[in-house]
Amino acid sequence: MENASSVKEFILLGLSENQVIQKICFVMFLFFYMIIMSGNLLIVVTVMSSQHLKSPMYFFLSYLSFVDICYSSVTAPKMIADFLIENKTISFVGCIMQLFGVHFFGCTEIFILTVMAYDRYTAICRPLHYTTLMTRRTCDQMLICSWVGGFVHSMVQTLLTSFLPFCGPNKIDHFFCDVHPLLQLACTDTYAVGILVVANSGMIALSCFFILVVSYIVILVSLRRQTSEGRHKALSTCGSHITVVILFFGPCTFSYIRPSSNLSEDKSVAVFYTVITPMLNPLIYTLRNEEVKSAIKKLWSKEAGHEKGD
């Protein structure tokens, strides 16, 4: 990607410059990344292979897990490798690609979480119309819109940042390339670009958060008219979703809907939405969902049966 920059590579300062802490972080984040990959992959395989998990809720859950795998893989492998090496460099093109990937998968996740809230609203508040409203074609269209929305948002963020001139210094006080750290390194006035970046992120985050809040308020109000058994089942699935929304939206909103002033604070918060939340999502959804746990047990027993047969 060509621009007026003399900087051809950046140096990522990472989470810490202390050698002992870096070695501890290497072991810890490698373990976290292995859980992210195995946990989310297990959900994808389980939903795809199970005949009982064909509802829209599980359709979107499998794609949420797939996005979590991609989202973490944009930043985590580079961060983990950097804990062991002294020269933590990333090329200009690699940096811009990482920036694009973070915003693409992150924004797509926001849209999928919003769609999942609409699915729960339809299932609980309009149960008689659920099958006609949430057809497979509608689910596919919602999913495509989520991916397209994430792509458009990411292109805006990437283009606004990539064409800025970078003349030095080239040290990024973060563990991955993001908009705010790069804006602080640009050798030009970035006030207008910063406002556009915050407005773009803020509009998406706040509008989706508003839809989520309204959806769950309506759901909670409507639950008063249901039986205790129906209320318990609805609260179980909604509780998992609300937990994931809080874990993801909280740190994301903190980082992106305000002008950044403290980068060391931002990168600590970024650990939550790039590593911790994708790691916890499979646990949250499986521990509170009997259907998913049952499908996983059947999958494992089937695999064990195949192995014995061999």
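Sequential numbering from 1, following the chain as shown.
Glycine too: its Cβ is placed from the backbone N, Cα and C atoms.
Features reported for this protein in TrEMBL:
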type: DOMAIN; residues: 39-285; note: domain 'G-protein coupled receptors family 1 profile'
type: TRANSMEM; residues: 20-45; note: transmembrane segment
type: TRANSMEM; residues: 57-76; note: transmembrane segment
type: TRANSMEM; residues: 96-118; note: transmembrane segment
type: TRANSMEM; residues: 139-156; note: transmembrane segment
type: TRANSMEM; residues: 191-223; note: transmembrane segment
type: TRANSMEM; residues: 235-257; note: transmembrane segment
type: TRANSMEM; residues: 269-287; note: transmembrane segment
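Taking every listed stretch (20-45, 57-76, 96-118, 191-223, 235-257) in turn, the largest tally of C-beta pairs under 8 A with the transmembrane segment (269-287) is reached by 235-257. For the transmembrane segment (191-223), the partner stretch with the highest count of Cβ pairs under 8 angstroms, out of 57-76, 96-118, 139-156, is 96-118.
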